[in-house]
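Enquirer: First the structure, which I've put down as structure tokens, then a few questions once you've had a look.
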Amino acid sequence: MVNPIPNFVKSIWSKWNIRIVILTSLWLQIILIFLATLRKRSRSNILVVVLWFAYLLADSTAIFCIGLISTKFEDEGGDKPILGVNDFLLAFWAPFLLLHLGGPDSITALAMEDNALWLRHLLGLIVQVCLTGYAFLLTLPENTLWLPTALVFTAGIIKFAEKIRSLQLASASSTLQSILRDPYREKFLSHVYDYEYRTEADNDVEVLPDETVVRNAYGYFNIFKCLVVDAMLGRREFDIREKFLWYRTAVDSLKIIEVELNLFYHAFYTKTSVICSKVGLSFRFLSVGSVVAALVLFTYDQKRRCNEFDVTVTYTLLYGAVALDIVSFLMLIFSDHSFTLFSSQNYISHYDRSIGAVIVSTFSGFLKLRMKPLWIEQTLTSPTWFKERRYKVLCRKISCCRWSESISGFSFISYACRLHQSKPWEWIYKVLNIVGAKEVVEQWRYVKSQPLLQKLWIFVFEELQRKSHHALVLEDTRRICSYRGEWVIREEGNFDEDDLNKLLPYVDSSNFTFDQCVIVWHIATDLLFYEAEDERQREKEDLKKRSDDEIETRNGVHDVRQKKNIGNDPDLEQGSDDGVVPEEDLRDVSERNKENVPDDKKYHDVELQHISKLLSDYMMYLFIMKPTMIPAMRGFGQKRFQETCDEAYECAVKRLIATNTSSKPYECILKLIKKVRNDICCWCRFYPVFFHDKKENDSEKSEEKDAFNKIRDAQRNEIIGRAPYYGRVPIGQCLLLDACDLADVIKNLKGTNKWKMKAQVLAELLPYTAYNSTPINHIQQLSKGGEFLSLVWLLMTHLGLAKQFQDERLSTAEVNEDDEFVSTG
């Protein structure tokens, strides 16, 4: 039989396998230490795939290389093994693999589920230490490099143990135990509580200093860390809301929340919590010192008989280990965790105060750079519906970001237009669905990200702040957070009884489940948004036409006057010499409208439209791409969405694209949705008549039923085509028709700002989503660039709008302050 692997390939592999694999392991560590810091700042799927591949391959490569080294000595060993200097180098390389198994400080867990597997990693540590020690013992007593090998071996055990300890501390059981036994939690709570009273009395302070931001963020982090393990909060935690965020601006609140979420990320995905402890720092200095000492010893050791390439590999491993430690140390120094510790010396006594003062003063400039949200005014051109309007957006350098600083969006119209692909695309999607990559491709095709608008954040913050002022008791909190638009429509809207009765059914939980409500309001928002865009475009065209006519009229009058006034006194001539209309008459209609905005109106209609569009698309993005974050959206939500897409495609997109291929996608679906909506409403108007007549006069029931069936069948055959369930008139049965009706209701509202009401309803759906989400899901998203919903969730917790506050916090009786929280587990 022919050997499938040539002998020269076997020879090359036998000679170079250990060297190739160990250098690959080093390169994987370099990739991880730099790319892992980017995953909290980016939502790139490519970055996720690369990190996933490098994280899994790093452990496998190191384990495989340790096995190769052990096998090497077994092959060459015998009753009288003959070992050379090169064999001692191989034994010297083995402890470096323990360093690699420990991994960089910037990543310990790829996902939250990895933290629960710390016992598996502990078993791996025991096995790998035994294998490495076995390979090292085989070289004794002849090994002349035993001392540097022992030093690196010690450093490797420490690094590996740091990773396991970090995973253990991030597990659910250890997190709960750390909260119960945390001696500094009360100090943090007391400090923040006292500080808020000083802040309340000192109302002239409008901007929080950077040191105050990190100090309070660290205190809040230690208080709210119990949310991850579903623990309850007590009265003192609730009282903090009245002393801080109630009296702060949206920008200051954003700074604190960003730092808090970043601390959550470091606590559950990095080694920061271990290294920043007193014991952790001691072992870290011991580890780094051991590697440096090994480098010095190897440098002055005699290496005359060693292979030159192997010596180069050894130096590469040594310098690589030192470089990785230096990079890790710099990342630690510039992390929020270090700043919070060293800037909190007034209430943390176990750190040396002078060291903290020196570090904070030395790196205060970098702290200001990281803490300051950089709101830059930009002309937004993407997506195109921004119409090059200028907004202040959150924009930092990538090294200073704590999350992706963006908000994603998913458009139903765009998805429905591309729902049914051509034959090649159908086969491609089937293959992607089998391998589990369909979601990634759909996210790449349909999800669009926009920078976070300052107007959007301020709008959401003010809505939540107003709700918080109304939530004074637990029942009020639960009631307000259970609304899906009812509170805005009833309390904030200035509607008459007729308009109120028309709007309330579209936010009533008895008519629509939450997923149906999201779909209906999203489609209605798109219908109204693009209709408003068309109206503005027509106004601009009409204004331009009137301006052109006025220019022509003035030019004609000017010519007549010139002929009539020839030889007359030029002082009697009036009008423009060039016949040009003043520039103020040619301004954009939106700018004219902006000047007419009342002083008490904070947002322009166009801004409210953009806020509504962003919130609507973001809710649909959560519904489609992040269903696991929201328990209320699980179940049949995806099925209802797919059915609605099929309705839109069959009744609108399919026929329109065939006859109107030159139109834009959203124009295509909007035109036919309106056509189908109008046609359906023609026969729907007959339904109430038949329905009431049937109840009032049973003798005519059969005749009316026959007439109704004839109309329904005719409409099904002529208009509905392959969507027979359009014949169901009751609300909630046909989401596409309900969305069209809702758009009509909003369009015909009187006596109120329609877009403000719509933005407030969508801003109420967002807190409802955050209120019903689980905290662990928000922590999981931190390793994927973070979510805007996580900011809203943590802000609601600060404002007391969370499920985790227990009854005793609101009772008028005396409360035992020792019971800070009660575990629900």
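Each Cβ is built from the backbone N, Cα and C atoms, and glycine gets one as well.
Sharing the features that TrEMBL gives for it:
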TRANSMEM  20-38  transmembrane segment
TRANSMEM  45-69  transmembrane segment
DOMAIN    52-415  domain 'DUF4220'
TRANSMEM  81-101  transmembrane segment
TRANSMEM  122-139  transmembrane segment
TRANSMEM  145-161  transmembrane segment
TRANSMEM  245-269  transmembrane segment
TRANSMEM  281-300  transmembrane segment
TRANSMEM  312-334  transmembrane segment
COMPBIAS  540-562  compositional bias 'Basic and acidic residues'
REGION    540-601  region 'Disordered'
COMPBIAS  570-586  compositional bias 'Acidic residues'
COMPBIAS  587-601  compositional bias 'Basic and acidic residues'
Enquirer: Same-chain Cβ contacts of the transmembrane segment (145-161) under 8 Å, 6 or more residues past its ends?
Expert: 88-89, 91-92, 94-99, 101-103, 125, 128-129, 132-133, 136, 139, 283-284, 286-288, 290-291, 293-295, 297-298, 301, 321
Enquirer: Between the stretches 81-101, 122-139, 312-334, which one has more Cβ pairs under 8 Å with the transmembrane segment (20-38) than any other?
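Expert: It is 312-334, which has the most Cβ pairs under 8 Å.
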Enquirer: Please indicate, using numbers and ranges, the residues of the same chain that are 6 or more beyond the transmembrane segment (245-269) and have a C-beta under 8 Å from a C-beta there.
Expert: 40, 107-109, 112, 115, 169-170, 199-200, 203, 206-208, 213-214, 216-218, 220-221, 224-225, 228, 335-337, 340, 371-373, 375, 402-403, 454, 457-458, 461-462, 465, 468-469, 779, 782-783, 786, 790-791, 794-795, 798-799
Enquirer: Take the transmembrane segment (281-300) and find every residue of the same chain, 6 or more past its ends, with a Cβ under 8 Å from one of its Cβ atoms.
Expert: 92, 99, 145, 147-149, 151-152, 154-155, 158-159, 161-162, 275, 314-315, 318-319, 321-322, 325, 329
